[in-house]
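Contents: one structure, followed by commentary.
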Amino acid sequence: MRLRMKLQLLLQLAALVTCLAHAAGGVSINANDPCYFEGKPRKCLPSFVNAAYGNPVQASSVCGAQQPERFCELQRDGSAGECRVCDKSEHRYGAAALTDLNNPSNVTCWRSGSVNVPHDPDTAPPDNVTLTLSLGKKYELTYISLSFCPKSPRPDSLAIYKSSDFGQTWQPFQFYSSQCQKFYGRADRAKISKFNEQEARCMNSQHDAASGGAAQRFAFNTLEGRPSANDLDASLVLQDWVTATDIRVVFHRLELPPQLLLSRERAKGNANSFSDEMTASQEEELDEHELDEQDEYDYNLHDNDSAGYDQEEYEEPKKHLELDDELHLDYANDGESKRQSKHKSSVYEKHFQGKLTVSTPIPLPPASPKSTSSTKSPTSAQLGTSDAVAAAGAAGAAAAAMQQLLSVSQHYAVSDFAVGGRCKCNGHASECIATSTGGSALHADADDGQDDDNMPASLHSHFGRTPSALQLSAKLAMTCACKHNTAGPECERCKPFYFDRPWGRATDNDANECKMCQCNGHARRCRFNLELYKLSGRVSGGVCYNCQHDTTGRYCHYCREGYYRDATKPPNHRKVCKRCDCHPVGSTGKTCNHLSGQCPCKEGVTGLTCNRCARGYQQTRSHVAPCIKVPTNANMIQAESAGGGTGTGDYKDGGGSQAEEMKKYCGKCKASPKKLNLNKFCMEDYALLAKVIGHDRASQDISTEKFSIERQNEIYKYEINIQTIFKRNPMSGTTSSLLGRGNMMLLVPRKSIECQCPKIKLNKSYLILGRDSEAAPGYLAIGPSSVVLEWKDEWSLRMKRFQRRARKCS
């Protein structure tokens, strides 16, 4: 017994859950879903990740890929250190080292092929060594970081480009150079305004930090200095600016060894002048530099709490780049060294002012035996000769040193390529998933409350956890797990049949959830109409099309031509519309009233489908006039033969001939004046314009065999649609005082219909004037004093004139 009760309880709970799911649009909402709060949609974002981690990088050149190459490490003084050879058998210098796990204790590096050290770097062509990283889908980026290998030359000039269309087109993202204006045609640290937020800036790549040993870093904050960074959701320009599918880094020029520069200056005889240009403050800075040459510098990543992301995102680079205590990202500075000199100096002096202080002096050639054996003091001529010999030796040594430096191959070397950001989902998804070409999805960032360490290693690749072959597979693509009834790789559109409001990016104030079109279950497709959306007060803009089940209209809420609505069925029923089935002879067409189903009948024909003759008419064999009036004398003869005054005939009653009474009534009705004037307008309680749209079927379906004296007082009910009210009774509580536009019932005596006084036709408009006393409460009625005239458009001005003069009515 208890088991049975438990089963019943479980079934009731299951039914309740099902009902709630249907109430929410047919989709069950997880209580822990970050895209919903208490069942209501809200903005949600995927996790902040290193989007480059584990992704392949295409390098234009790799050290030793074509033939073995020799490279030498650089010492702190800029001189060549230990030399090595890279070739095809050595894999540690490939591009895979750029996006692998960055371990400071075991640094892996990509090295480019050798680049020539130019004699004149100002006129030498750029190196154009490129690194291209494909992210696999659109991301909204926060930073791009390049860490350079220890004991390797740093680049002097490089450009970062981005693509938002998977490499079809490229846009400048950031530039670095010691000569921004000369090399890239851009001012150093140009100010960004709201009018050029989408333009790339150039930063001076030089600083006064020590260059040897430890890796250096360029880190670019995508929203730094952009005025609209505080409100990223409202800035379409910045949304496009931070969006990228691919990143390309182009190295144009390396830093030149300081010995080469010093040797060139001394060979030209400018060594002294070069030193003289050094100011006292610069020499003091060089002394400080020698004492603090262990300090490291990470260039140009600035703190920006209001850059459209949460504060914790700016801690992510530290996590993903695996920094140690010495290699830290300085978020507080503005990218410029605090010790940088305020005085102007030459390009290369500013570039290498720290390196020249520790450069190795160029040795002089040894003295000749004669000069060493002589004990006499040298004469002035001898002094001149010895100075000339020393100068010549110095020039020769400088040339030899330069030639030796030029013979050493130089390489670009990068240890880590990191790209911090979020999978672009426009605020409509909390995760990105890997989808295969077969359509299956692998959740790579699902927050399901389970321990990620128990997940397969293949599911961690894209999110900086463990290396994986999944993301590198060409058969997989990343896409957003869209919520809020959105669809697309970036949730950039509403999913089919959810077009009742326009798509929008989710914000903190509005999740902009897409809404289902209201088609009453009769359509599977709809579209959005902006004009209708504005007219509705920005509530509904969906328009259904290809309505099924014989329906039509914006919401598939009407029956199409030739059908009418079955009032016994709900609007979403598959058989809510019934065929008109109008009689081919008795009706004037195949269409009927879409509400009542009344077919348009020919004169003398009646019935919902126009399938029989009206009273007072007899059937003919003509298709043009299937029913004609019965002659009056025939009616009298028929009435007399029905019982000889016994009261049982069709047109007899106990007081005399009914036919004669009908004749008198019809004559009196037709003889009464039906003219419209101000006096008549004043005497009536109401005046209105209405269209006859149907009549009561029950009052028409009585056979002639049941005709009796009691039917003399029969009433016909007509359904009219009130279009304009010209006058109503001001006395409260009366029927006319409550009149309004819409449908209402009009009561007409049977005798008036048979006399065709008035002659009422379906789908015709009439001017009706009457009194409240001639009808029951809630109805309008045609009485002896009523006026019913078929409407003419030229009466509009007359009725307005009557309304203005109505105050004179007594």
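Cβ coordinates are placed from backbone N, Cα and C, and glycine is handled just like the others.
TrEMBL entries are annotated by machine, without manual review.
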Worksheet, complete the sentence: The residue range that TrEMBL labels region 'Disordered', out of 270-291, 446-467, 578-599, is 270-291
Response to the item:
Correct disulfide partner for Cys610 among Cys601, Cys613, by TrEMBL, is Cys601
Worksheet item: Once near-sequence residues are set aside, which residues in the chain of Cys599 (disulfide bond), 6 or more away, have Cβ atoms under 8 Å from its Cβ?
Response: Cys580, Cys582, His583, Gly586, Ser587, Gly589, Thr591, Cys592, Leu608, Thr609, Cys610
Worksheet, complete the sentence: Note: in the chain of Cys601 (disulfide bond), residues six or more apart in sequence with C-beta under 8 angstroms of its C-beta are Gly586, Ser587, Thr588, Gly607, Cys610, Leu762
Item to complete: State which of the following disulfide-bonded residues has the fewest other Cβ atoms within 10 Å around its Cβ: Cys592, Cys627.
Response: Cys627
Worksheet item: For the domain 'Laminin EGF-like' (580-629), DSSP counts of helix, strand and coil?
Response: 0 helix, 12 strand, 38 coil
Item to complete: Restricting to the same chain and to sequence separations of six or more, state which residues have a Cβ under 8 Å from that of Cys613 (disulfide bond).
Response: Gly604, Val605, Thr606, Gln619, Pro626, Cys627
Worksheet item: Over all shown protein chains, what is the count of other CB atoms within 10 A of the CB belonging to Cys580 (disulfide bond)?
Response: 23
